[in-house]
Amino acid sequence: MAIASPVDYAGPITSGQRRLSCFPVHSCNHLRCNAYEKKSRTSDQLVIRAISVDRPQLDFSIPDWKNLFQEDFDRRFSLPHLTDVIHLEPRPTTFSLKSRTPLENGSGPFDESWNGYVNDDDRALLKVIKFASPTSAGADCIDPDCSWVEQWVHRAGPRKQIYFEPQSVKAGIVTCGGLCPGLNDVIRQIVLTLEKYGVKNIVGIQHGFRGFFEDHLSEVPLNRHVVQNINLSGGSFLGVSRGGASVSDIVDSIQARRLDMLFVLGGNGTHAGANAIHEECRKRKLKVSIVGVPKTIDNDILLMDKTFGFDTAVEAAQRAINSAYIEAHSAFHGIGLVKLMGRSSGFITMHASLSSGQVDICLIPEVPFTLDGPNGVLRHLEHLIDTKGFALICIAEGAGQEYLQKSNATDASGNMVLSDIGAHLQQKIKSHFNEIGVHSDVKYIDPTYMLRAVRANASDAILCTVLGQNAVHGAFAGFSGITTGVCNTHNVYLPIPEVIKSTRFVDPNSRMWHRCLTSTGQPDFH
Ligand SMILES: Nc1ncnc2c1ncn2[C@@H]1O[C@H](COP(=O)(O)OP(=O)(O)O)[C@@H](O)[C@H]1O
Ligand SMILES: O=P(O)(O)OC[C@H]1O[C@](O)(COP(=O)(O)O)[C@@H](O)[C@@H]1O
Ligand SMILES: [Mg+2]
């Protein structure tokens with residue numbers, strides 16, 4: 001058996017079409033292997049079988065696989081820093097929990113006695129992966145002791161050493177994509193925290209990335225007085241937009257404006273943009289820190305426990321669901337139908353259904369369903385009308401798109417424009433009950449924009465406070481190309497590429513989805 005060393009490996013290990021994601025090492029392309037399979041794993045040794053097109057199968061032993069796994073993880077999750085490409089000397093922080101006297105003017109020495117600073121070596125536990133068997137499926141267990149690895153990520157928070165002179169910093173804030181409750185709370189916290197460091201020059205970029213190159217959109221000066229009450233209303237004080245991102249133009253504009261820090265509030269698309277801006281700044285060796293704050297009511301950002309705005313959207317959905325319930329319950333053979341946001345992830349719909357407790361049928365993009373036939377949604381509705389006298393359906397906008405005419409249209413950001421599954425379902429229900437000669441009264445409620453235009457609820461407001469403050473600490477610590485979030489209950493910094501590898505979806509095998517099914521009592525619709 002060959003002994004493999006880490007240098008032998010580059011590229012993903014795949015077994016047939018499947019990527020063996022929980023492996024520490026990567027395939028040896030130079031051997032032209034076209035498939036790999038895990039053969040065995042003990043806590044000391046991993047054996048993989050390389051299946052090559054032009055040579056016999058070869059078994060590789062990887063003795064130190066746990067360390068390799070951890071090294072690989074640590075490398076991926078190490079935070080990009082300005083000093084990776086520019087020589088910079090750190091300086092003591094000016095951030096302090098204690099209030100300063102007006103004479104100190106925000107730039108005096110920090111309070112040594114406060115021990116809340118975070119060291120660069122501090123880590124928070126993202127997860128512990130426990131391998132109970134050599135294959136992820138749990139079959140043919142070879143390792144009775146179980147192998148486990150831990151994944152640690154960087155703690156967020158203020159550092160004792162910073163890489164900017166606050167008095168000379170110009171910081172920008174931009175909000176991109178769709179609206180989300182809490183945008184104003186995050187803007188506000190960023191401004192307040194920057195001021196706490198002693199930053200005097202803070203500007204808002206209007207209407208997302210467009211504000212960088214559309215001449216009529218001027219910078220908005222921001223300070224404590226300007227942002228003091230903006231959290232009292234929803235929306236974005238700076239405006240949002242989709243589309244219009246030319247990375248090179250944006251970085252030209254960042255240089256022309258002399259921005260030292262840019263805080264980018266947005267979802268998957270925005271973070272892809274923020275990372276591209278960070279890479280371009282690196283290429284030009286600019287001392288500009290780009291820090292993202294994940295925003296989306298869809299809760300579809302990888303690794304995050306939840307994104308800000310999600311809780312509020314779930315709460316706002318309760319009014320719509322409750323109205324649909326009252327309508328359905330009061331009508332003769334009433335059927336309430338509520339469509340909620342969620343382009344490709346059903347988190348809002350699942351959580352709103354769970355939270356309401358009134359929903360009989362919850363439909364999300366991740367779980368296909370049939371409408372017709374003995375196991376279809378329509379048959380189950382018949383049963384509900386028959387037994388309860390009314391029914392309530394909650395559906396995510398991205399669910400059941402296969403039943404609708406595909407338009408291939410995209411919005412300005414390249415996101416697919418969805419057809420209205422709610423209207424389609426309403427029609428289908430009406431004609432189905434007509435056909436079987438049973439009276440039905442279908443009330444369709446589409447509260448879409450009402451969910452995200454509201455102000456943040458209390459728990460989101462607190463989350464926004466933490467995120468906004470940590471974003472500023474991250475920028476002052478000299479990181480760039482990072483984002484911040486709550487992961488496994490800890491406040492952490494993550495490199496942007498790790499959170500935009502894919503959209504986060506509801507796992508149909510998860511306990512949460514099964515809790516939802518238990519709550520609704522719905523059958524499998526296939
Ligand atoms: N892959 C990408 N690279 C660079 N910019 C992007 C990318 N995807 C989206 N953007 C830009 O990010 C902004 C917001 O994206 P969008 O998808 O509308 O919202 P969200 O960030 O909420 O997902 C838009 O201005 C869009 O042009
Ligand atoms: O009408 P718009 O602005 O395109 O927004 C619709 C989309 O916005 C969202 O609420 C959130 O999307 P983003 O995270 O991309 O902003 C989606 O659920 C929805 O499909
Ligand atoms: Mg998006």
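Glycine residues also receive a Cβ, built from the backbone N, Cα and C atoms like all the rest.
Here is what TrEMBL records for this protein:
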- 171-473: domain 'Phosphofructokinase' (DOMAIN)
- GLY178, ARG242, GLY243, GLY267, ASN268, GLY269, THR270: ATP binding site (BINDING)
- ASN268: Mg(2+) binding site (BINDING)
- GLY269: site 'Important for substrate specificity' (SITE)
- THR296, ILE297, ASP298, MET341, GLY342, ARG343, GLU397, TYR449, MET450, LEU451, ARG452: substrate binding site (BINDING)
- ASP298: active site, proton acceptor (ACT_SITE)
Report task. Scan GLY267, ASN268, GLY269, ASP298, ARG452 for binding-site residues whose C-beta lands under 6 Å from an atom of ligand 3 and note them, or write none. Result -> GLY267, ASN268, GLY269
Report task. Report the nearest neighbour of ASN268 (ATP binding site) in space among the binding-site residues THR296, ASP298, GLU397, MET450, ARG452, comparing Cα positions. Result -> THR296
Query raised in the report: So which one is it: of the binding-site residues ASN268, THR270, THR296, which has the fewest other Cβ atoms within 10 Å?
Result: ASN268
Requested in this report: Go through the binding-site residues GLY178, GLY243, THR296, ASP298, MET450 and pull out the ones with a Cβ less than 6 angstroms from some atom of ligand 2.
Outcome: GLY178, THR296, ASP298
Report summary line: When the binding-site residues GLY178, GLY243, GLY267, GLY342 are compared by other Cβ atoms within 10 Å, fewest goes to GLY243
**Report entry** Listed binding-site residues with Cβ under 6 Å from ligand 1, out of ARG242, GLY243, ASN268, GLY269, THR270, ASP298
**Finding:** ARG242, GLY243, ASN268, GLY269, THR270
Query - Beyond the site residues GLY178, ARG242, GLY243, GLY267, ASN268, GLY269, THR270: chain residues whose C-beta lies within 8 Å of the centroid, for ATP - result: CYS176, GLY177, GLY266, GLY273, SER413, ASN415
Report summary line: Across the binding-site residues (ARG242, ARG452), the Cβ with the fewest other Cβ atoms inside 10 Å is that of ARG242
Report summary line: For GLU397 (substrate binding site), the same-chain residues 6+ apart in sequence with C-beta under 8 angstroms from its C-beta are LYS339, LEU340, MET341, GLY342, ARG343, LEU418, ASP420, ILE421, GLY422, THR448
Report task. Using MET450 (substrate binding site) as the reference point, find which of the binding-site residues GLY178, GLY269, THR270 has the shortest Cα-to-Cα distance to it. Result -> GLY178
Report task. Compile a sequence-ordered list of residues in the same chain as ASP298 (substrate binding site), six or more apart from it, whose Cβ lies below 8 A from its Cβ; state 'none' when nothing qualifies. Result -> GLY267, THR307, PHE310, MET341, GLY342, ARG343, SER344, SER345, PHE347, ILE348
**Report entry** ARG452 (substrate binding site) versus THR270 (ATP binding site) - Cα distance in angstrom
**Finding:** 17
**Report entry** Sequence-distant neighbours of GLY269 (ATP binding site) in its chain (C-beta under 8 A, six or more apart)
**Finding:** CYS176, GLY177, ARG242, SER413, GLY414, ASN415
Report summary line: Cα-Cα, GLY243 (ATP binding site) versus THR296 (substrate binding site), nearest Å, comes out at 16
